[in-house]
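Got a structure here, written out as structure tokens. Questions coming.
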Amino acid sequence: MFPILLALVLIFCSQIEAQLQVNFYRNTCPNAELIIRQEVQRSYFRDRVAPGLIRMHFHDCFVRGCDGSVLIKSTPRNSAEEDGPSNAGSLRGFEAIESAKARLEQECRGVVSCADILAYAARDSIVVSGGLGWDVPAGRRDGRISLAAETIDIPAPFNNLDQNLRAFAKKDLSSDNMVALLGAHTIGCSHCTQFSNRLYNFSPANGQDPTLDPLYAMQLKQQCPRGPNGNVDPNAVVFMNFSPTICEKSYYVNVLRNRGLFTSDQTLTTSPEALSEVKDYARNNTQWQTDFADAMIKMSQVEVLTGIAGEIRLNCRAIKP
């Protein structure tokens, strides 16, 4: 019975993947990828938005799959994903997506989905940051539901390893995929509130996380001081690492030095298997770049809408009436 069930699962997965195709818009909107790439590059050189677009794609795929639902704006009647606990006040890159969408609607109205724009933009953000590109399978349709409450599925920065493994497994992503994808933290910034628990009142026995390098902790406390009320400024941000604009393996080097910014980063050292991969990536940038690209392709196909499901939004920030 088990071999039969496994075969059915593999057939089902193959059918889902077959519905997404590389060069999906070659006939219906030949300049689609070029237009998106140009807008990502323009946004990158204006305000270094690349990390925000990668994060937004990740957060989109972990809620209802890669359907562009993270882009939908909240209304008086609905609190959307952008205002969920994992996203509120921290999502960046909407302007790049909207600019690309506006140009695409002039070029080929009603053809390119917002979900696909986001998937292409994430790839282009890696490339413009010095990373390895990949062919993006496309053909996603846009979802019509976006609920703040459902962002609970997004792995949190304070997760331990087991919690992260469960969150990734829920989306059919392996532990190997997880270790590779977390390398995206090599670029960008973080709000201090995402990790300040590691600096102050970590536990009854420790004021700060004992797994955090003391010198690094001191530096972070200078950048994220507590105010008179004992709280950290919610608007204060720090770089993820010492090369926050370059997509390379330094994230893994930092983790080995107990300089992973988030709890979810540092807990990679608590598993022999994950630690082995961290060491491999810290030594071999090409291996990480290749595995990261493969993991991004796999993640971008999580629970996609295709065919006649969903819609093709004309405005990425709002569903059709």
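Cβ coordinates come from backbone N, Cα and C, glycine included.
Feature list, courtesy of TrEMBL:
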type     : residues                                 : note
ACT_SITE : His59                                    : active site, proton acceptor
BINDING  : Asp60, Val63, Gly65, Asp67, Ser69, Glu81 : Ca(2+) 1 binding site
BINDING  : His185                                   : heme b binding site
BINDING  : Thr186                                   : Ca(2+) 2 binding site
DISULFID : Cys29-Cys108                             : disulfide bond
DISULFID : Cys61-Cys66                              : disulfide bond
DISULFID : Cys114-Cys316                            : disulfide bond
DISULFID : Cys192-Cys224                            : disulfide bond
DOMAIN   : 19-320                                   : domain 'Plant heme peroxidase family profile'
SIGNAL   : 1-18                                     : signal peptide
SITE     : Arg55                                    : site 'Transition state stabilizer'
If you count, for each of the disulfide-bonded residues Cys108, Cys224, the other Cβ atoms lying within 10 Å of its Cβ, which residue has the minimum?
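Among the disulfide-bonded residues Cys108, Cys224, the lowest count of other Cβ atoms within 10 Å belongs to Cys108.
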Can you give me the same-chain residues 6 or more apart in sequence from Glu81 (Ca(2+) 1 binding site) with a CB-CB distance under 8 Å?
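Same-chain residues close to Glu81 (Ca(2+) 1 binding site) (Cβ under 8 Å, separated by 6 or more) are His59, Asp60, Val63, Ser69, Val70, Ile72, Asn87, Ser146, Leu147, Ala148, Glu150, Thr151.
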Restricting to the chain of Cys66 (disulfide bond) and a gap of 6 or more, list residues whose Cβ falls under 8 Å of its Cβ, or answer none.
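Within the chain, Cys66 (disulfide bond) has Cβ neighbours under 8 Å at His57, Asp60, Ala115, Leu118, Ala119, Arg140, Met299, Ser300, Gln301, Val302, Glu303, Val304.
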Compare the Cα of Cys192 (disulfide bond) against each of the recorded positions Gly65, Cys108, Cys114, His185 and report the nearest.
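That would be His185, the closest of Gly65, Cys108, Cys114, His185 to Cys192 (disulfide bond).
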Including all protein chains displayed, how many Cβ atoms other than that of Cys114 (disulfide bond) lie within 10 Å of its Cβ?
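Within a 10 Å radius of the Cβ of Cys114 (disulfide bond) lie 30 other Cβ atoms.
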With every protein chain in view, what's the tally of Cβ atoms within 10 Å of the Cβ of Thr186 (Ca(2+) 2 binding site), excluding that atom itself?
25
Take the domain 'Plant heme peroxidase family profile' (19-320) and average the pLDDT across it for me.
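That region's mean pLDDT is 95.
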Between Cys114 (disulfide bond) and Asp67 (Ca(2+) 1 binding site), find the distance joining the two CA atoms and give it rounded to the nearest Å.
8
Starting from the Cβ centroid of Asp60, Val63, Gly65, Asp67, Ser69, Glu81, the recorded Ca(2+) 1 site, name every other residue in that chain with its Cβ within 8 Å, sequence order please.
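What remains near the Cβ centre is His59, Cys61, Phe62, Arg64, Cys66, Gly68, Val70, Gly143, Ser146.
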What binding-site residues among Asp67, His185, Thr186 are found with a C-alpha within 10 angstroms of that of Arg55 (site 'Transition state stabilizer')?
His185
Return only the integer: C-alpha distance in Å from Cys61 (disulfide bond) to Thr186 (Ca(2+) 2 binding site).
20
